[in-house]
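> Quick one: the structure is below, and I'll ask about it shortly.
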Amino acid sequence: MAAGTARKAGAAAPPPDPSLPPNYTEIRAILDETVPPGRLVCVIGVVKDCRLPIPTSGTDHKSTLTLYDLSIENESYGIKLVIFRPEADMPQVTVGDIVVMTTVKVQRYRSNPLSLITNRDTSIRVYTASKIPKPPRSAQAALAPGPKRDSHAPSPAENLYVSYIHHNIDKYSLPDEQEFRERAEQSLNVKNKFGLLKDVQEGKFYDLIAQVATEPYAGLDLATLYVSDYTENPRFHPQVWEGLQESTSGGGDPYGYTSGSPDMPKKQWVGPFGKMSMQITCFEPHATYIREEVRANQWVALRNVQVKYGRDGQYLEGFMREERNAVNSKVNVQVLVERDRDTIDPNLKEAIRRHRDYAKKKKTQIKEVISAQAAGQKRKASSEQENQHPNAKERRKRGRGAQGQKEKEKNHQKEKSHHQELRLSLNKQITCENHDAPYSTIDSIVEQPVYERTIEGQATAITIPFTCAKHKACVRVVDFFPRSLEDWVCTRKVSEFEVLSDNEDDSDSASSSDSRETPNTRTILEWRFALQLEDAGPTPDTDSDKPNERSRIWVLVDNYEAQCLTDLDAADLRQAPKTLARLRERMFTLWGDLEEHKLRAAARKREKGEAGAQDEGNRRKSVPGQKHQVRLEKPALDSSDVEEDGGGGEEPVSNKPFTCCIKQYGVNEKRAGKKEGRWVRCFGLFGTRISG
């Protein structure tokens with residue numbers, strides 16, 4: 001009897017309350033900043049407010065949910081969940097629904113309390129409140145279907161906790177369904193107030209994205225900003241350029257072009273000149289944020305900026321005041337970080353593009369000013385010298401100088417005559433830039449650059465690895481690499497940081513030789529080959545009977561210059577026979593029968609059994625697991641030696657000399673086992689085209 005009573009008592013005991021499932025975080029811990037910004041968390045919350053999806057500047061829509069849980073059920077506020085997704089993937093919710101979120105990111109937006117924001121890996125599952133049963137029954141039946149991206153399948157523990165929180169949380173702060181719907185619909189009435197500075201008008205409010213043009217001025221209860229988005233407005237106060245400073249010839253320049261950072265006082269202007277910047281006066285609570293967080297050169301988002309004429313009534317200015325009926329002193333200033341390419345605001349991206357274009361134009365104008373100043377000083381010095389009567393010593397010096405000048409002119413005329421004779425036999429179908437530039441020999445191009453300096457009173461010659469220079473030369477092609485035209489195209493992985501990119505790629509960037517690729521890696525095809533050029537001018541008198549000892553140089557032809565040279569886009573030449581045939585035809589125009597000559601020479605070597613390891617070593621080496629990926633033994637980057645007879649021996653190559661442009665530059669080559677590389681001098685073909 002006693003045992004039966006005990007069994008009845010045990011059966012009547014209620015089960016323990018379910019606890020928050022493992023790996024989930026209470027909302028209180030996030031709002032109290034126990035969880036730092038940037039952390040990925042999982043959260044279960046009850047919906048108390050919803051802002052319906054609105055379009056953004058990109059492809060996604062934006063929606064915001066306000067959630068709360070048992071840890072903050074007695075508070076009037078909740079935590080914001082900001083959702084960026086296509087409209088079709090947005091969760092459909094109503095008041096009191098339970099939301100289970102995985103892999104959401106904790107963020108700090110401006111100076112507001114911490115909130116949550118979605119990312120590519122976030123999964124959002126919604127439980128319909130009216131269908132959630134009482135615990136200990138599972139809430140699985142109330143789980144609404146979701147899009148494919150919401151792939152998280154709630155566990156039994158999660159389903160049980162959803163039932164528990166729905167029937168135990170205080171719902172006093174929840175609005176009724178009608179009020180909830182009205183608030184949601186009102187959220188769609190928000191106007192897009194974003195504007196460019198060139199379009200702002202008096203008496204209107206705007207949301208702006210702009211760059212801070214100088215260090216903010218901070219007063220007791222206000223702060224003053226000067227900002228620019230690199231658009232021009234005739235109603236702005238003009239910022240006047242004060243010209244170059246004398247310090248530009250020393251260690252740096254006032255605009256930061258030649259040094260890592262601008263050489264300027266703290267309050268100096270770093271924004272654009274002209275009517276491209278607007279003054280904005282900011283009151284609290286915005287002023288405190290500006291004093292603590294905003295610096296010159298930063299990009300900022302400014303919300304609800306009132307535009308009107310300033311006290312003088314001449315120029316438009318901006319004003320930011322505390323918003324009426326705002327909760328928690330809302331700050332409408334945010335410092336933007338442009339490094340995050342995945343979430344960068346398209347309006348910020350366009351502003352950065354305008355900034356870049358302005359900087360290029362400004363740099364060009366400064367160079368023109370410097371050149372004009374130098375020319376003016378030269379004319380002034382020349383005029384002063386002309387007004388002075390030379391003494392006997394100066395007259396003798398001028399006489400010797402005139403004699404030397406005559407010798408130079410004589411040599412120049414001789415060289416000019418030679419090039420005129422050579423030009424008569426040039427290949428007219430090959431054209432290049434710098435038509436009026438003087439010709440350079442291969443010997444002068446490959447001459448090691450020497451920099452003369454005075455150290456401790458003594459003249460010292462320092463050999464430098466390379467110099468950036470451009471030349472025009474008359475040459476013939478005597479060799480090429482890779483040996484097979486089919487290998488002249490390689491693959492290159494596309495960098496994720498090419499959002500704005502007009503920048504040139506590193507000449508040794510990842511290409512077909514890099515086997516570390518993933519299925520998500522995007523690659524493109526690019527031209528990449530080298531030509532060995534031989535000086536077409538006469539050899540020295542002592543060696544006039546040895547035509548094979550003319551100076552030679554290897555030049556790299558990168559993707560852009562190959563497109564210019566051949567007028568062909570890169571393609572898989574093993575799969576594009578028409579493109580390969582056109583390439584072979586164009587190269588015949590450039591080098592005559594060189595390719596056929598080399599094929600015959602290779603055949604003779606094979607017949608003699610001399611091909612062996614050398615030919616095999618120069619053949620392509622396949623990279624496992626990759627189609628048409630090759631690893632080739634390259635000629636030395638700085639090679640200018642006569643390695644072998646490019647024509648192949650007994651038979652002369654039938655091709656005409658042509659004019660081309662050659663540039664010298666440096667590449668930092670990595671060395672095995674060492675952290676720092678070494679600078680290697682390289683030569684490249686540029687501005688040369690096969691016409692016809």
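Each residue, glycine too, has its Cβ placed from N, Cα and C.
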> Name the residue range among 47-68, 135-156, 311-332 that TrEMBL annotates as region 'Disordered'.
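That would be 135-156, the stretch labelled region 'Disordered' in TrEMBL.
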> Pick from 1-21, 442-462, 547-567: which range does TrEMBL record as region 'Disordered'?
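Of the candidate stretches, TrEMBL labels 1-21 as region 'Disordered'.
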> Reported in the order helix, strand, coil, what are the DSSP residue counts of the domain 'Telomeric single stranded DNA binding POT1/Cdc13' (24-170)?
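Secondary-structure composition of the domain 'Telomeric single stranded DNA binding POT1/Cdc13' (24-170): 30 helix, 51 strand, 66 coil.
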> Over the span of the domain 'Telomeric single stranded DNA binding POT1/Cdc13' (24-170), how high is the average pLDDT in this prediction?
92
